[in-house]
Amino acid sequence: MSSYSSTGARRSRTLTIGGGLGLLGALSGLLWGAMVLVQGEGLIRPAVQEYPQSEGHDLASRGLLTVDDLTGIAMPSFTSRAAIWLVIGLVTLVSAAMVLAAHNWARVVLTVFAVFGIGLGLRDLIDLNPALLNAFDVIAVLSLLAVLVVQWLPGANRAVRARKNAVLARKAAAYAV
């Protein structure tokens, strides 16, 4: 793997910001997934305890559903979303690191997974989640929205083109010898 700076091209501030925002969104998603998988029911129980007070007055007052029942119902959904966040976070982490190295393919991959992350984050924000998970969702959504714009600005395009030209020139020089 050739690093961006080894091509002799100047590092782009735009790509650095885009890669940094991608890393922030990726870490937020990874933390969301890890927190749910590690803490499990202990993390979501407080949000589940608030649910009957905010949504299910009739069910709670009649004793039809307990907090344990609701936690058992909610846990598979949280576990599934945690696994999805871990996949999105891992791919976004790798592609954001490659964006920092000015690889064009990484911008495409980061764009696709940023859209997935934004969709999942917005879906999570309309759900009844613990405040910590909502904070991770807000960070992920905002940083991934910003990276969608920043990584395709003209400065980033120039940097990717400069890296590509430097790599091609280096390969041409190697074959000429």
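In case you wondered, yes, glycine gets a Cβ from its N, Cα and C as well.
Feature annotation from TrEMBL assigns transmembrane segment to 21-38, 82-101, 108-126, 132-153.
Same-chain residues lying 6+ beyond the ends of the transmembrane segment (21-38) with a Cβ under 8 Å from its Cβ atoms: 44, 78-79, 81-86, 88-90, 92-93, 95-97, 99, 110, 114, 117, 121, 124, 132-133, 136-137, 139-140, 143-144, 146-147, 150-151. Counting only same-chain residues 6+ beyond the ends of the transmembrane segment (132-153), those with a CB under 8 A from a CB of the stretch are 14-15, 17-19, 21-22, 24-25, 28-29, 31-32, 35-36, 43, 92, 96, 99, 107, 110-111, 114-115, 117-118, 121-122, 124-125.
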